[in-house]
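Asker: Got a structure for you, questions after.
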Amino acid sequence: MSSNIIEISGLNKTFRVGGKHEPVRALDDVSVTVREGSCLAVVGESGSGKTTLARVLVGLETKDSGEVRIAGSPVTASLRRREQRRRARAVQMVFQDPNGSLNRRLPVGAAVDEVLRAHFRLSAAERRARVSELFRSVGLTDAHAQSLPANLSGGQKQRVAIARAFAAEPQVIVLDEAVSALDVSVQAQVLDLLHELRRDKGLSYLFITHDLSVVRTIADDVLVMRHGQVLERGSVGDVLDRPRSPYTKLLLECAPKPGWKPRRGVIDHLNSEIAS
Amino acid sequence: MAIKEKAPAAALAAPAAPSNRLAAARRRLGWTGMACVGVVGAVVLAAVVGQFLAPYDPTVGSVTQRHLGSSAEHLLGTDQAGRDIFSRLLAGARTSLLGPLIVVGATAVAGSALALTAVWFGGKVDAFLGRVLDVLFAFPSLLLAILAVAIFGPGLVTASIALAIAYIPYSARVIRSVALRERSLPYVKAAELQGINGFTITVRHILPNVWTQILTGSTINFGYAIVDLAALSFLGLGIQPPEADWGLMISNGQESLQQGFPEQSLYAGLCIVVTVAAMAYIGERLGGRAAAGRSKS
């Protein structure tokens, strides 16, 4: 039991969309466990419930029923101050869009400093040292810490977001499409960084993505979701190489592979489109 | 535009030298803006030391000196009580600035506090504060001011605070709408997840991002406040004669105006127009800059 850092069981979440529509079941009896120090990738199409799962896990969304435990203690979307602080120390999140998740008027170093201020009793000098240590650990310098988000590149901003997530020294980091907005070479750098940090600090990741090649690079286990339900879970090798569920097979077929060419039929279809 | 595009070095050096700062201010405001700053600066200077510079006592006139035209002795002539208009304009700068300053300051502080509280807590708190503001909206601002003056007695401070209360709903509504958008941005959610408390997020994250709206709104309110305070003074509820005040001077000059001596009202009105226009231009420049900066990032 104690080896599972995240334990989610029987989680349900429904959204009401408009008045007349059927309520949408974003999460339908979802049970997930993440082993301590491992990385679980959650894959699925848009609307499969993977982001909702992440949001419930960090407390951005309330759950309808079910249980969420991180390191043995339950997580709630409580507004109570102590709850929030405790939750922040347990789980942090890196968002998809680094432009949105950083305050455009706050130097990025100050954004990280503020997290330290909220959680630790440190002097100004100690905090400054810690900020530059965190920045170095994600491959940035003190000069970067002084600048506003607008003066950093997308990859640098995402590194800042990662440094900020690490600042509270959480046990789990939820990465919601954290590398999807980055171009491929920067993506590889950030994935390397995440891998290194996990190894050094013994963290666990919940990695939300739709990119199967990213899954192979970083994850130990993978969870396939569709329509709010867990279709399949297992180690990366098992699921991606020997998929059992037909949906996973379809996902794998849709992913572009090396040497992939559009099939004959597709080309004919495109040609007829152009002709018309 | 060019300066703010990418200015890593300039942005990194936080405490700039005074000359750099002046140059930066000029780039921000343009030459017209700098001229406006000069105008406002001159009015502020008049408000502070004008009394001592005035060639005559602004409150004492002489019956034999009524309605004199411009001359070397009386730069802008004299009013119906034989008081030197130039001296009265200088002395009047103080109350003319102080009153609106109280109004604008109180409005900005209370309006932002209400708006940010409503936005942070949302839901029932937002709805409740919204209803309170609706009630305030229902009162015409001058009526509210007259009511306050009737209770607390006439005077600059009473009239200013009464006007501030009347202005709060307008300012709060604007700030709320801007803050609401900020509140919904992911960086606020991110800060919440980091375990930072609501007050800190509001003050350190949301407030700086709605600051330009508060500032722009304040410069606009400033113009309204000068005019409304003048109206209150005209009704005998604000500044009391023989104290000098631009608004009061306009209303005092009404009779003379009909008799063919427009100087007093004219010059006082000119002072108000120039000051308000300069404030409005600065506000617009700053507001426009902020909007441009936002759309870029």
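Numbers run from 1 along the shown chain.
Using N, Cα and C of the backbone, Cβ positions are placed for all residues, glycine too.
Heads up, TrEMBL stuff is auto-annotated, nobody curated it.
Heads up, here are the entries from TrEMBL:
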- B:31-54: transmembrane segment (TRANSMEM)
- B:97-122: transmembrane segment (TRANSMEM)
- B:142-168: transmembrane segment (TRANSMEM)
- B:222-239: transmembrane segment (TRANSMEM)
- B:265-282: transmembrane segment (TRANSMEM)
Asker: Using a Cβ cut-off of under 8 Å, list the residues of the same chain at least 6 residues beyond the transmembrane segment (B:31-54) that approach it.
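Answerer: Residues packing against the transmembrane segment (B:31-54) from afar: 25, 84, 86-91, 93-94, 96-98, 271, 274-275, 277-279, 281-282, 285.
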Asker: State the residues, same chain only, that lie 6 or more residues beyond the ends of the transmembrane segment (B:142-168) and have a CB under 8 A from a CB inside it; answer 'none' if no residue qualifies.
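Answerer: Result: 95, 98-100, 102-103, 106-107, 110-111, 114, 133, 136, 221, 224-225, 228-229, 231-233, 235-240.
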Asker: Report, as numbers and ranges, every residue of the chain located at least six residues beyond the transmembrane segment (B:97-122) whose Cβ falls under 8 Å of a Cβ in that stretch; write 'none' if there are none.
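Answerer: For the transmembrane segment (B:97-122), the list is 43-44, 47, 129-130, 133, 156-157, 159-161, 163-164, 167-173, 175-176, 179-180, 183, 198, 201-202, 206-207, 210, 214, 217-218, 221-222, 225-226, 228-229, 238-239, 245, 275.
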